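Some notes on the structure that comes next.
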Amino acid sequence: MLHDTIAAVATPPGEGGIGIIRISGPDALKIAGQVFRPVGEKDWRAGPGFRMYYGHAVDPGTGETVDEVLVSVMRAPKSYTREDVVEINGHGGVLPLQRILKIVLDCGARLAGPGEFTRRAFLNGRLDLVQAEAVLDVIRARTGSSLQVALGQLRGGLSERIGAMREALLQVLAEIEASIDFPEEEDVPETRLEALAGQLAALEAGCVELLEGAEAGRVYRDGLGVAIVGKPNVGKSSLLNALLREKRAIVTDVPGTTRDVIEETVNIRGLPVRLLDTAGLRETADTVERLGVARTRDAVAGADMVLVVLDAASGLEDEDRRVLALARGKPLVVLINKVDLAPAGIDPDAVRALVDGPVLMAAIIEGRGLNELEETIAGLVLGGRVTGHHTVLISNVRHQHALEQAGRYLEEARSALVSGMPLEMAVIDIRNALDSLGDITGETAGEDLLDRIFSHFCIGK
């Protein structure tokens, strides 16, 4: 338990139906008692937790009523932080909330830092670090599938997997260290070393299995950046509007209408996809259009995937080939548009000979080909993987790097065992693997890492 009491506004700024001041710490009830005047509940602080009390927030210095409020009490350890927690629920205006917060701080609370309530939940053992990070992922989830991935981590799915791996690794370590400390009693036969190496190989395979879903998990968490590119007037903005199901971008018959990158997020088969509608790629003397073309090149460089749109009505031109060359090296989907105007205008096999990626046919204005396009994008990311209630996916780059590091240490430890190297070498690698896995769940995380993680939270969480 930490020794001071913290407070902050726990609801978003601005006007709303309800605004909440959250107080957590050993003096939460004492401080709230100086601010809150209940109606008909004289001993509310001595009552049971998980109850709400009606009354008024007042300034104890002047006796002035600040707001009409409901106060909820959650007693330690059955609270979010495992400390005494009081929440003052008032009206959601900026002024009353700030006045109540100032009074609470004047009565002895300290203003909470970013994520400090969740940090206390971690330090007090209610959450591990994976679950603490998942709290932020739940808040930021943009699709139902993204939410399910975050909730799976919040429920402890990944933590259980990592915990089981660490426990198995600790057992291997204990056996090897016993043979080092007591060589006359615990001399490890070669067959046993092979068995221990097999256990390390199984744990290494567990790391690989989790890492196989890392790219899909990252997309669920951070979104997939898809740059829509092509020469002018091939239907890029029409495609953006069709995928958004709204007229977001201006569409005309005049080439070069789009001068800048337009970014919008859409839900494609559960994936949050950031669509980047770009300026048409062509040689031009127009200064503004040239700036737009430069930004298009930057968008392609920064995108996770490139969607090249071709115009069947104009055939496959040199400009199209230059666009395809620009997208080389990126995950790529080619969409041959306007097949309603020229069904045989572009031979898809000729395009397939130029690119490494799916080539689809579409008539965007008529809505043809959109379902196949969405399925293709999702398929490239998920690779047939189905997410559900019990899916465990690595969605955090920090977790991914730690797992990769743990896998390398496990491989080195296994190699040390089977090659006859001193057992102390294997012990060093096993301990390093344990530290890498512990960084994920927080057992071995240092203050610098915690500061970096919780700095991304809002102050009231």
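Cβ from N, Cα, C; glycine included.
Swiss-Prot has this to say about the protein:
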type	residues	note
BINDING	Arg22, Glu87, Arg126, Lys461	(6S)-5-formyl-5,6,7,8-tetrahydrofolate binding site
BINDING	Asn233, Thr252, Val254, Thr257	K(+) binding site
BINDING	233-238, 252-258, 277-280	GTP binding site
BINDING	Ser237, Thr258	Mg(2+) binding site
DOMAIN	223-382	domain 'TrmE-type G'
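This view paints the features noted in Swiss-Prot onto the structure.
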{"residue": "Arg22", "record": "(6S)-5-formyl-5,6,7,8-tetrahydrofolate binding site", "DSSP class": "strand"}
{"residue": "Glu87", "record": "(6S)-5-formyl-5,6,7,8-tetrahydrofolate binding site", "DSSP class": "strand"}
{"residue": "Arg126", "record": "(6S)-5-formyl-5,6,7,8-tetrahydrofolate binding site", "DSSP class": "coil"}
{"residue": "Asn233", "record": "K(+) binding site", "DSSP class": "coil"}
{"residue": "Lys461", "record": "(6S)-5-formyl-5,6,7,8-tetrahydrofolate binding site", "DSSP class": "coil"}
* To do: Around the Cβ of Ser237 (Mg(2+) binding site), how many other Cβ atoms lie within 10 Å? Please give the count over every shown protein chain.
  => 24
* Structure fact -> Whole-number Å distance separating the Cα atoms of Lys236 (GTP binding site) and Arg126 ((6S)-5-formyl-5,6,7,8-tetrahydrofolate binding site) is 49
* Taking the residues the record says bind (6S)-5-formyl-5,6,7,8-tetrahydrofolate (Arg22, Glu87, Arg126, Lys461), how far apart in Å are the two Cα atoms that sit farthest from each other? -> 19
* Would you mind checking how many other C-beta atoms are within 10 angstroms of the C-beta on Lys461 ((6S)-5-formyl-5,6,7,8-tetrahydrofolate binding site)? => 20
* Closest of the binding-site residues to Ser237 (Mg(2+) binding site), Cα to Cα, picking from Glu87, Arg126, Lys461? -> Lys461
* Lowest local Cβ density among Arg22, Arg126, Lys236, which the record lists as binding-site residues, within 10 Å -> Arg126
* **Neighbouring C-beta atoms (10 Å sphere around the C-beta of Asn233 (K(+) binding site))** => 21
